[in-house]
């Protein structure tokens, strides 16, 4: 039994878990259809000949197209981010204006009815299009993209259908007053746009420009998707440098300096285009989209002065953020598993959960402000008090003239406006202690229950809102004991909760600095992030890694587990191994492809082509199917030689677009053809990564991940006599 436990593949147990919901497992009831991506270039004779034949013009085309595609990705992602915010601000704005007018007329029940029904309609719309058109668009999208960049090819996560549902569904979900964010969906949107550009054209739509053929491989597509994910964060927060660092720190499994340069160029394009579009909106041409949405710059631009006595409260914020963040992750995973069980029963139950959460949210958002007392308007208010309309720090709600409802100013608002109110300077006396406590508990609970519904939903903004509320609460408790304002405590609270939940440091630090536009906050934010991440790491992993485990993605971690040092690669390989010979009978190849689901096969040379059996290389399943489709068979088992380059072109072996995979069942062969032969030598990768069977599993894992392999050949260690 002990021997069996060492020889059975370690990943088999993980692959047997059943996941069947659109949010928790986007690949259906069985995890097995998930495949890996070929990030390693198959350096066969055909590939080498194709690259040798390229002149300076083709090399220039390749480099130029890389930069052009990065520019196009930045442009389209910035447009998607801008129109996403434009739509949210106008849809939510109209809803709040109508509701506020009814509140002014003291038609409270009618206001509640309009508010809750509009929220329900928007949520129902988002849930229906997600459940029926593209279940892969549910949730944040960051775990899916992170898994893709790790080499996991889950079906449908980067398709054009997913892109459309992600954009439209995110607008509806955020506008419906659910406590969900837009940053995660923007990362997914950017990655979808990049993946569509990186397909190398489309025969269906007549886009087969020869300049695009260079990108028909997984490695170039991976680099483009990395740039797309960076552009998504840049578009969501107007944080170009933060977007690059986010892709580097959280998303990408492989990185190099050239990719850093292109990702930076992509996010710079996003920042410039967004700046131009926002200038248009400042002239009043965008409806209710005036000072909301993307314009979170300058939310805290006061000069910050702090002393050594302010460090202990900041450290305490970091510790609390770490504990709350890890607890938040723990509860979120539990709720997702419960949703998974309910969602397995069918699409109706998925939509029912979404509608239930929407009704519950509407009741809380409309009902809780009635529990707090009205505040009299300050005489030195920097804006109108009470605010009549949609946004502002002083919402009137049900209060008499000259008074405002401080909880309604936060809760009866869009998430962006709530963040702006919490971060705002010179507002230390605006909110009551009980208001901040109620708002924190409400955000904490709603953000957990809202994330798992069948609709595009991000975590970034809810975590910022929740962290800012308890940061301001602690600032109010400290009061005059410290020198820091309550708005600054809100910024630090948001940073600590982000660090405790998402476990990023450098990228979060820069994103918050770009949001608040104040470099003086840097030392405090660094301390808070370091403390919160250190504390939270003692309890569980970051939220995206936990969600990936629930989804069933076989994500390959950066580090090896201690027990892997005690195992060799020979302990975990399993058989029987399917081999191909250098010159193989067509019938044998068809049999191997039909009886196994492997995507790579070792090629062995034996007599008369070699004096003794020798490993020639590795050939991919996709290449074998391409050879069978071309039917360039030989009547006798002889080597093809230079004739191979006349029968085939590089396009025959290019990676197909998303969802287009050739299958062995689609190829029809006669009995005569099955008895013929194929020379595999020109199409075999003659230099595959190979290790001896005594290598430790830990070292093999590091090699596998750092190089980005899909196949690793294990050969016996033969001692010379």
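Just so you know, the numbers here start at 1 and follow the chain as drawn.
Even glycines carry a Cβ here, placed using N, Cα and C.
TrEMBL: automatically predicted annotations, no manual curation.
The transmembrane segment annotation in TrEMBL covers 64-88 (among others).
The feature transmembrane segment is assigned by TrEMBL to 108-133 (among others).
Feature annotation from TrEMBL assigns transmembrane segment to 224-247 (among others). Taking Cβ pairs closer than 8 Å, the transmembrane segment (224-247) reaches residues 69-70, 73-74, 77-78, 80-82, 142, 145, 148-149, 158, 182-183, 186-195, 197-198, 215, 259-260, 262-264, 266-271, 274, 294, 296-297, 460, 504, 506-508, 510-511, 513-515 in its own chain, all 6 or more past its ends.
Here TrEMBL flags 259-277 (among others) as transmembrane segment.
The annotation transmembrane segment is assigned in TrEMBL to 289-308 (among others).
The feature transmembrane segment is assigned by TrEMBL to 314-336 (among others).
Per TrEMBL, transmembrane segment is recorded for 348-372 (among others).
Sequence annotations record features per position, and here TrEMBL assigns transmembrane segment to 437-466 (among others).
Here the transmembrane segment (519-539) has Cβ contacts under 8 Å with residues 300, 303-304, 306, 311, 314-315, 317-319, 321-323, 325-327, 329-330, 488, 491-492, 495-501, 503-505, 508-509, 512-513 of the same chain, all six or more residues outside its ends. Under the heading transmembrane segment, TrEMBL lists 519-539 (among others).
Most Cβ pairs within less than 8 Å of the transmembrane segment (314-336), among stretches 64-88, 108-133, 348-372, 437-466, belong to 437-466. Between the transmembrane segment (108-133) and the stretches 64-88, 348-372, 437-466, Cβ pairs under 8 Å are most numerous for 348-372.
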